[in-house]
């Protein structure tokens, strides 16, 4: 869409293409971000699902970890799904040795909290923020938000009460993968944040 702010998808590892496809379908000027100079060109960023410890190592290796932290602290709208939620959390309860998050979201998360790949599942979630219609959510080796600090807001829980979606200012995080369900409302909600900041 002409005149749309540019939105990046962190393209170090994970389901980058799936997020780009959703963003393009919504008319966004979406691009891959692999280097600090590419990060400087975007008005919003999606951190995709994948493996959070690998993303952390790669971000440090290519010199993106510091610029990402600075951009988040500076108010850049960022949406993290699954591993992206882990990357945005202020605290990783069970990170591997040396693993660091980017921080910004006042939450503590536990990696792979729902179990292994074989225990992945799908369910419908209520999102009053996004409308009355439930959202179909895909959970793949998903994290869980174990605690939510006073600066963050819970957006959704699974039926047993565990938190799976949070928001804080320009930051969004989901333990599930809306890019795989066909429901574009979460990406639309994120784009509203991006447009509101430019």
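Cβ coordinates come from backbone N, Cα and C, glycine included.
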Point to revise | Listed in Swiss-Prot for the L-glutamine site shared with 50, 51, 52, 140, 141, one of 17, 110, 111 | key: 111
Point to revise | residue 140 (L-glutamine binding site) to residue 179 (active site, charge relay system) - Cα separation in whole Å | key: 12
Check your understanding: Taking each of 82, 177, 179 in turn, which of these active-site residues have a Cα lying within 10 angstroms of the Cα of residue 52 (L-glutamine binding site)?
Key -> 82
Exercise for review: Starting from the Cβ centroid of 50, 51, 52, 111, 140, 141, the recorded L-glutamine site, name every other residue in that chain with its Cβ within 8 Å, sequence order please.
Suggested key: 49, 82, 83, 86, 112, 143
Review point. Per the record, L-glutamine is bound by 50, 51, 52, 111, 140, 141: how many Å separate the farthest pair of Cα atoms?
Key: 13
Check your understanding: For residue 82 (active site, nucleophile), what residues in its own chain, 6 or more apart in sequence, show a Cβ-Cβ distance under 8 Å?
Key -> 48, 49, 50, 140, 141, 142, 143, 174, 175, 176, 177
